[in-house]
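The substrate binding site annotation in Swiss-Prot covers 39, 187. Per Swiss-Prot, ATP binding site is recorded for 115, 160.
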């Protein structure tokens, strides 16, 4: 847990431009791992914030015509400041409007990580792909989709699901931790985007080990929380997840991490 230990010592400032539904949960989750969240949205202050921040999450869950130009502006400011961006294209396949905006953003600015479920990432590379809300199709080949997205956007790809796929540095990693309860809590996936941003430490080309650890820390904490005798369902799972992120130790991490597959390709 080299990266998590560093977070707990250095408390990296992590900026989250995220959706209205999840701001509180995201901020509390970042505090639980030791990061310092700031839910700053004003382009007017971005330049000052981004000089000292370590990572930026852009999550378009509550995208509107009023905020789309602000999102592009802060992404471009982050590029100018050398601040890595984690982009979460929430429900990108649900509407033409969302898909067009996501593609515009990805043309207007360079992101360091694109994180989403298989349907969302597929929608970024296939104009015919559709989805229902933020739900993903379990039958999609996430590794193939991640590889194609990586080739298209030349950036790290994290696909979440029953198994999680990370593609970076011409490597494909499959991780097998997590809990079904994550799908029963609004904002769990959005929090993972913030956690990944907290692990970047201003690395615009993130090391794949940082991404593996970020996803594994989050999902192992979810497993432990779900197994807690006091966990009766989604309502008790959420605070237990925060507690477990706060207390997670090296022994538990090493005992539980499941890297199911490592693939190198050109």
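Backbone N, Cα and C define each Cβ position, glycine as well.
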Packing count at residue 39 (substrate binding site) (other Cβ atoms within 10 Å of its Cβ): 16
For residue 187 (substrate binding site), nearby residues of its own chain (Cβ under 8 Å, 6 or more apart in sequence): 21, 22, 25, 26
Cβ contacts of residue 115 (ATP binding site) (under 8 Å, same chain, 6 or more positions away): 86, 87, 88, 157, 158, 159, 160, 192, 193, 196
Protein Cβ atoms within 10 Å of residue 160 (ATP binding site), excluding its own: 28
